[in-house]
Structures are given as structure tokens and as C-alpha cells.
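Taken straight from Swiss-Prot:
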REGION    1-81  region 'Domain I, interacts with DnaA modulators'
REGION    79-110  region 'Disordered'
REGION    81-117  region 'Domain II'
COMPBIAS  82-91  compositional bias 'Polar residues'
REGION    118-334  region 'Domain III, AAA+ region'
BINDING   Gly162, Gly164, Lys165, Thr166  ATP binding site
REGION    335-454  region 'Domain IV, binds dsDNA'
Amino acid sequence: MNNSLWQQCAERLQSELPLQQFNTWIRPLQAKLNGETLTLFAPNIYSVDWVRDKYLKTINTYLEALCDDKVPNVVLKVGEASPTQRDSGSPQRAAATRRKTPNFSSGNTDVEVPFESNIHPEYTFDNFVEGKSNQLARAAAIQVAENPGGVYNPLFVYGGTGLGKTHLLHAVGNGIMAHKKDAKVFYIRAERFVQDMVNSIRNSSTNEFKRYYRSVDALLIDDIHFFANKKGSQEEFFHTFNALLEGNQQIIMTSDLYPKEIDGVEDRLKSRFGWGLTIAIEPPELETRVAILMRKADERGLHMPHEVAFFIAKRLRSNVRELEGALNRVVANVQLTGRPITIDFVREALRDLIAAQEKLVTIDNIQKTVAEYYNIKLADILSKRRSRSVARPRQLAMALAKELTNHSLPEIGDAFGGRDHTTVLHACRKIQELKDAQHDIKEDYRNLIRTLSS
């Protein structure tokens, strides 16, 4: 057995299964072969159960045919295989694991050997669905891919969970390597940087660790907020950051938070995060959510009527990951029942998700959350007062109600002290103008959405 075992098995599954089934259930799996155990990591428990029930017997049959000696025991888990242990999850992922990374935990620190980029080839700019919520971040990322080490260095992308930040990082990596085949592009999570640093200290290989991280052409580091309250890691990254910038090597970072909002990180590091370009990815607006669903369904070989995509997108609003989870459930129900995809079918398949979302976000909840955020009374939100300290939060609350609930403009107006629909429409347009022009309003709106969607 070797590290191509799962890749060979996945290739056989790809040749036997319908494309829709393979893309939905097999392609997302990541594998770790450890002795006589082959662990398959799935994105969620629903996928684990489905693969176990529908495909495990076939997987075992293929493994028996591929193995000359003892067949590994297959274990299904929720999670991800670590990059250094990951087997090729599908034929398309083999290219992403062709390079070897120094193992600082074992003292193997030869920085001259080829390294693992950790870049997933399937994440590109072409399949990143663009909308108003992310178009600036995508445009900046494309500029970096075409001109690494240029004016947008460092690039700091922030936004809530599941909005596409990691996709953009991999797309940049693929773009850089497309322009320069031998580019040394390295994607990691901040947690991995911390682990490598700790291992290098334990094994007296800190010099090798420093040379390795400072030798890359582009460092793409995800979830930079993980450095919070880790002073040693912050100190090392501070010097790594400076060395890379001095060498015109590209740095791209992502975080759930705006740099200045990351508690537990030194001010000098926060300041450096903003030296280049800091840009937000917002929760996708309705049109983008529809486009994402249509694209993802098409990738799975599934025809989704536009009105069905609109129905789902109108009710599930928080992030792309939530939409993908809903789509996976729809696909599974289609395969299980053979029924056509209609609004009634989707309403039944997603009834618990929709009910949870509608229970979570109500106009009343929005009003209370906005009042608390701005430290004003709920009665002020509902009053006729027109002072800016009250009028602006009221307009924000109206705009949030339009975006996060299914209520009509007249219904929203009625909930805000009997105002008419034109007042609500004006508030929504005004807030959009302010979001485009004023960073603080944009941040307030983003923070409120995050609070209401959590």
C-alpha cells in the first residue's frame, strides 16, 4: 500500500458512479492512510452517514482488488486530514500534494527540497461566484495573482465564516503558479504556523524553520486571528512578516475580524496587517446566493430551476457554506426519492433549516439587537424622533429587516411605529449609500449581521 491507494480507489469510483453522485459524496473526501487503517474525512456527519450506507461496501470491494496484501480497515470521520498526512482525495487533487514539506517535528528541515504548496487546484477565480458582496476582494486577489509583491502587499481579507476567504487564497495561489510555474507558494492556517514553530523549538531547528518560511515567493495564511494571545508566535510572525516584505515576497492573510478588532494581538502587528490593502467580504446578497446555488448545482450535474434557487436563497442567508449544506441535502433527497426539484419538495427537505433561520431572525430581534448595539432605548427605534443618533440606527434596523427577513416593505414599516413602505425603501437606499462611502457604517452593518446570524 502507498499514498496513491485512495486516489486509485477514487478513480474507480469516478468511472463507475454518475458524475452528480461522485461530485457530491466522493470528491469532498480526504484520506489518511496510517498502517492498516484508511481514515476518510468527510465535511459533515450527514456525509459520513451517507457514504457509510451507500458507498462503503463498494469502497471495500475496490480496496480488496487494489491491495496485494492486507486490506486496510476503512474508518469514516468528520473533519480534515492534516496536509502532511493527507492522501489524494480524488484524481483532481493529486496535483496539490505533489510537493513535500519539511517536518519540523522530526528534524527533517532541509529547506532546499521541494515543498508542499497545499494549494487546491479546484479553487480558482473562474469558479468563485462574484457578486457585490465580494467583487472588490476578488478584483484585488486577481491583481495580486498577476503581480505578487506589488502594491497590494500585504493583502488582508476579512469577513465572517463561510464567505469564500479560503477559496480566494487558493485561487491566488493557483493564479501565481499559473503565471510562474516554479513559484514557491505556501498556503497554511495560522494554527499550522504555531505548530511548526513549537516543533522547531523542541527539536532545536528554529533556524531552519525561519529559513523555510522566509524562502517562499508568497505566503498565504488563513485565520490570522488564531495568533491572539500567543505572544511567541506573534513575535516570530512579526519578523517573518518583515523579512518577506523586505524581499518583495507576497503576503496574504485572512481573518474573521477587521485587523484592529482582533483582541490579543500586538498593535505593531495589527499596524502591519494594514500596510497594503485591507478589504472585506460581506455576506452574499440575494442575487449572489442564487448564482452560487445555480453554479454549485450545475457542478453536481443537477438542474435546479431558478425559482427553487431563489426560494432557498431567500430563506438561508448567512454564508456560502450554509447554502452548500442545504444543496447537499437537496441532492441527497433527490437521489433517495427520485422526485423532481420543486419548491414544495425543497420546502419539505429543508424544513428544519428554514424553521431555525426564521426563528433566529425576526424584526423584533433586529430592533432589540440594534438598540443594544448603539446603546439606545428600543422605544427610540420605534419613535418619531429624527435626531441622527436615533434615525441612523433605525434606518440600519430597517435595512437589516429587509435583508434578513421575508417581510414585505409595508410589513417592515408597520413594525417600526406604523411607517409606510416608502420610508423603509428610503432607509435601505440610504444605508447602502453610507456603506459604500463610510467604513464605520459598513463595519456596523457587518457586525450586526454577524450577531444576528450567529
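Please read every residue number as a count from 1 along the shown chain.
Just so you know, glycine gets a Cβ as well, placed from its N, Cα and C.
Taken together, the residues in the region 'Domain II' (81-117) have a mean pLDDT of 49 on the 0 to 100 scale.
Ranking the binding-site residues Gly162, Gly164 by other CB atoms within 10 A of the CB puts Gly162 at the bottom. For the recorded ATP site, residues Gly162, Gly164, Lys165, Thr166 set the reference point as the centre of their Cβ atoms, and the other residues of that chain within 8 Å of it by Cβ are Gly159, Thr161, Leu163, His167, Leu168, Thr254, Ile281, Asn319, Val320, Arg321.
Candidate binding-site residues: Lys165, Thr166. Fewest other C-beta atoms within 10 angstroms, Thr166. Mapped onto DSSP helix, strand and coil, the region 'Domain I, interacts with DnaA modulators' (1-81) counts 41 helix, 17 strand, 23 coil. With helix defined as DSSP H, G or I and strand as E or B, the region 'Domain IV, binds dsDNA' (335-454) counts 92 helix, 0 strand, 28 coil. In the three-state DSSP scheme, Lys165 (ATP binding site) falls into the helix class.
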